[in-house]
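Swiss-Prot annotations:
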SIGNAL    1-22  signal peptide
CARBOHYD  ASN171  N-linked glycosylation site
ACT_SITE  ASP210  active site, proton donor
DISULFID  CYS212-CYS229  disulfide bond
REPEAT    219-239  repeat 'PbH1 3'
ACT_SITE  HIS233  active site
REPEAT    249-270  repeat 'PbH1 4'
CARBOHYD  ASN256  N-linked glycosylation site
DISULFID  CYS341-CYS347  disulfide bond
DISULFID  CYS370-CYS386  disulfide bond
Amino acid sequence: MGSYLGIYTILVLCLLGYSANAEVFTAGGPPNSDITAAVLKAFTSACQAPAPSQVLIPKGDFKLGETVMTGPCKSPIEFTLQGNVKTDGGSTQGKDRWVVFEKINGFKLNGGGTFDGEGNAAWKANNCHKTFECKKLPISVRFDFVDNAEIKDVTSLDAKNFHFNVISGKNMTFDNIKIIAPAESPNTDGIHLGRCEGVKILNTKIATGDDCISVGDGMKNLLIEKVVCGPGHGISVGSLGRYGWEQDVTDITVKNCTLEGTSNGLRIKTWPSAACTTTAAGIHFEDIILNKVSNPILIDQEYCPWNQCNKNKPSTIKLVDITFRNIRGTSENKDAVKLLCSKGHPCENVEIGDINIEYTGPDGPPTFECTNVTPKLVGAQNPKACVGPVVKAPGKE
């Protein structure tokens, strides 16, 4: 039986933060039915409403094909996902997206429901973690040019590619998000962000097969707080420098987070032989708990996946004003701290304050390595901090 669309008006002051009288556009159907058309119709009606409105997917299990919801809308809009939506297995094949919200100012996504990407079959055929020349898979949920938004109390399960991708947004908050995929699921970044300003990621649990959070170029004023990450590849700034059109990264704060069993911890990564010259400045990691984390603190300015770069040409990305404060816990390998900076642009003003990282493996005590950086030391450091030599690039005075 086909899906249906119900439209009715109710008082939703407690549910909506926008208005005491809001029109609610419901998109539902029989169990396991395809509600794609109903969702698009509901969103179109809500987007044209003269007052704040709500799109509601009720409790239940539904199928959802490629769904692109585009503004601008006449008034703020709330998208409430109470049910569980799964990919339909057809309309997203060969596409790079599943659910898209774009060009919306004044937006809420909530409801306690789940976006189920059903990625298990796709992961087996995915080789994007081995080569850049691979077939792209759909990102589960994209936010493109979305401003003044709150995304809260939703789950992303088993994404085929990234769980959430956030591009060119302003004043967005992610709160109490759950992201779930197996550790072996390739390219399933939890939240990837680029060219946004004023984003907060709070009280969120991420277990996935790639970076829990990855910060791309052009990010400004990002706060990541009270996030639990693991399994996964840690919290990363970068990679930066692969493309010539990239922009500076400024004011990134990661605080009061816990990393558990991740293959990397707190990481900044830039490409050698970079295609641009940009700056990443004001990056602060503080009050972090580590539990069996490999490579807990890592600056890698020789990041070169798929061997698609020339490591003989140093990275042209400048890293300035970087701090690691009150980082404590256990490492799964002896490389507790590794600061591998560019010989073309040595890291500037890197501060290491009060770190205590323990390792008890058979290959010796934990190490603290520095290349092309002389960090400022504050408080105590375990392992004992290096005072790294600065190696000048050829032709530099």
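Residue numbering: from 1, along the chain as shown.
The backbone N, Cα and C atoms fix where each Cβ goes, glycine too.
Computed from a predicted structure; not experimentally measured.
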Distance from ASN171 (N-linked glycosylation site) back to CYS370 (disulfide bond), taken between C-alpha atoms, in Å: 36
When distances run from the Cα of CYS341 (disulfide bond) to each of the recorded positions ASN171, CYS212, CYS229, CYS386, the nearest one: CYS386
Minimum Cα separation from CYS347 (disulfide bond), reported as the residue among recorded positions ASP210, HIS233, ASN256, CYS386 that achieves it: CYS386
Per DSSP, three-state class assigned to CYS229 (disulfide bond): strand
Euclidean distance between Cα atoms of CYS212 (disulfide bond) and ASN171 (N-linked glycosylation site), Å: 21
Among CYS347, CYS370, which are disulfide-bonded residues, the residue with the most C-beta atoms within 10 angstroms of its C-beta: CYS347
Cα separation, ASN256 (N-linked glycosylation site) to CYS212 (disulfide bond) (Å, whole number): 15
